[in-house]
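Below: the structure, in structure tokens.
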């Protein structure tokens, strides 16, 4: 039956060609009818690709290339088939010549349209399998026909999908890199290894179908071109590859790669395969059976995934992509074989995963079951608790019912006894009545007997009446006594109840007192913790002081560095002064030369004038100037002496400063020692704090243990009371049983059994009492051990107090050291004052020297002006008198103009020096004002520091007082604990006495009960012995018994009064103890409040002291800065003084030279010449200039 014809699909025909040497040229790809140049290499290898459609599915023909014989086909399935799976067209059959003209219909793109693609196309893992196209296995043909189709290499059905994903696919990367190496064109041949690197824009995958349209249209244009597919083509781009030789590799590499792939293909042909796995496809018509989709583990699925991966990220043609797919599959076939070990491992892994899943499911189920059962469990627990409470209640009811049954049994026994006594009385009375009846019967017979009997009856009646009256009296007495006894019982019960209430009140009060004492102890521990916090604050203060000391050491280092810098600056200024001196000497030499020229002019004028009167006047003026010069020299010498003295003073001050620097170093060493001691103190404090924490924890544990011991003691005491009560009740039961033993033998046997049981219980109770006593002893021992531990803890606290005292001593030593530092600071300030005073003196002296120099300069300027006027007059006269000297006069006038310029320069220098002097004066005044302010601030600081030192001393004294008060309070607390212990002992004694009293009362009650029984027995005996015994004997016995009973009652009343008096005394003692404890507690609370207030005040004072110390530190820093500025001013003044001393030395040398000249016998003309010597004039000018500059 013919299938309907579907649309024709296109495949790719790939041919692998090997060209031996000398072989004819194979058909190559022709582009525009032109053959490419033949490659000169031997054994070339290539691939011929052709697209061909077979019944709506693409088909690939691969040919090995040996003279066009070796070829094989690969079917490419399209997942999107439009026709039926069995449709086959007659036009789509494979022709005999695989290289014939391809039909005009181009190959449409069957690439995948899925949006999921890998981001990097060079990735080697082939994980996706979402392509629509697929490659079938190779169909093996008969070996006789070399142009056969390949056999389909289907994998084993047992191999899972994971075999492809987990196997390493490095060969895929290499193959993809081979075929991605084109830059210019797409090479279809296998001429060499290609390394194509696509740009980033081409590697990106388009995320929609619209972005793929231009690529598909480009491919269609390539397929529709006439020159693209021609008859007998082998390579698609062989011409381009021949034009680009740079893309080719060596022939050896290309040959080796081609041979390797060909050998691998032949190996794949020769491998023995299972006939069930091999499908022989001799003709393309048989390929239509492969239209159904391949399973996810088959080779078709792998081919489809590879095709999708290679097709979706590249711009290559579909034929090249399919060729790459076939090559990748060739390289992947050996990797697809799964080893048995890996299959076993995978199977084991699958089993393990299955087991893990089962276990996880079981765990989830168990968790769910537990979650479901949790509310039921909670309900069951609640029900159990309720049932336990109900059981407890039922046990209590049983015990109550047992007590009621015992009481009812006791009452029944008493009733039985009373009934037995009444029956005995009834029997006795019946016997008497019978006897009387018999007597009456006997007496009825004779009359004499009647009379005697009547008399006897009368007598007996009288006796009976008397006995009845006596009996009534006795009964009344007994009733009265019984009433008295009941009243006494009620009073005793009330007294016992009141006594119990008082004891309970005392116990509660004792508990309250103990709780208050515990609270007071806790408060004391809190106070101790607060004191420790204060101690830590003090340590923080010490640390701050240490930091301040470090800052002072840093400041001293800064001062030293500033001192060195100032020294360097002084050296630089000295060098500058030397340079200025050299410049001044040069100027002096120039002035000397000028004065020599003026002297010559004056000599010429003098020779021309020869006026004796003028010469005399000039001589007088010269003498006056010489005297003034001598005076100036003397003043200069005095100034030199004063300067030397000042230098000595300054040297002394420098020595003092060096000593201060040494002291600063010593202080630094002391600071280091203090730091070491502080570190040790910190370590000690940490150890003490650790020990304190341990002691506090021990104290807490001891308190807890003490509380537990007290509770256990109370419980044991209550149990002892209960045991004693049970014992008394049992003794009473024994006594009652002994009373009942006088009944019958059966009752005695029962009572013996009961007594035996009760004795056994008594023994058990005695053993329990002994065990309780032993427990009490153990608890007492534990209590003693706890008291010992408490004593040790108190000793530890005392040790901590001692350590705190040691720390306080260390703080006092630090305070002393601080005071020493303050003293040294005060000494430094005093030295600063001395320096300021010396500076003021120097400033005053400099001002005086400046004033003197100003006066001298003014005089010299006036003299110079006079000399100038005289010289001008003489020059005018000389010009008038001698015209011959006109040229010389012109020269002199030029020299005078020069001198005038120099004088103007000197005047400007004087003006500048005066301005500098004024500024210096203003600076001095400002410095003096600052110094005064600093002195005042320093005095205020000293006063403030003294006040602070006093306050610190007072604070330290207060701290010592508080520590002493704390010690006293600790002692008081210890005394209170001792008193409390004594009170406890007294309370224990009172309890024992009360228990003794209770036992005595119970004994008295038992005696009373026994007496009542005896009275009843006596009554019965009296009733029974009325007719047999004489009344006198019975009455005497009854009276004696009554007397005994009265004596016993009196003795009991006496004992009762004694016990009441003792109880009252004990109550008074307890009240007194409670009052004392309350008073002591109030006193302790008051002291604690006072201590808290004092501590708060001390904290405030310490905070204020810290703030004041910080302010003093800031003021100290300011004072140090001002001292540094003052040092700089002093150094400037010292430099000026040195310059003045050098100037004075120069003046002295010049005066000595002038005196030597005076000693020589010179004429008046020579003296005149010496007066107008240029060196003298230059010296005068330089002296004035130097004085002004120094000012």
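Heads up, the Cβ atoms here are built off N, Cα and C, so glycines get one too.
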(message) Can you tell me which of these residues Swiss-Prot lists as phosphoserine: 89, 314, 520, 1025?
(response) 89
(message) If I go by Swiss-Prot, the feature motif 'ZIM' sits on one of 42-56, 57-71, 72-86. Which?
(response) 42-56
(message) By the record in Swiss-Prot, which of 131, 824, 853, 887 is the one labelled phosphoserine?
(response) 131
(request) Select, from 112, 206, 242, 448, the one residue given the annotation phosphoserine by Swiss-Prot. (result) 448
(request) Based on Cβ atoms within 10 Å, give me the single least packed residue among the modified residues 326, 567. (result) 567
(message) Can you tell me the CA-to-CA distance separating residue 326 (phosphoserine) and residue 567 (N6-acetyllysine), as a whole number of Å?
(response) 93
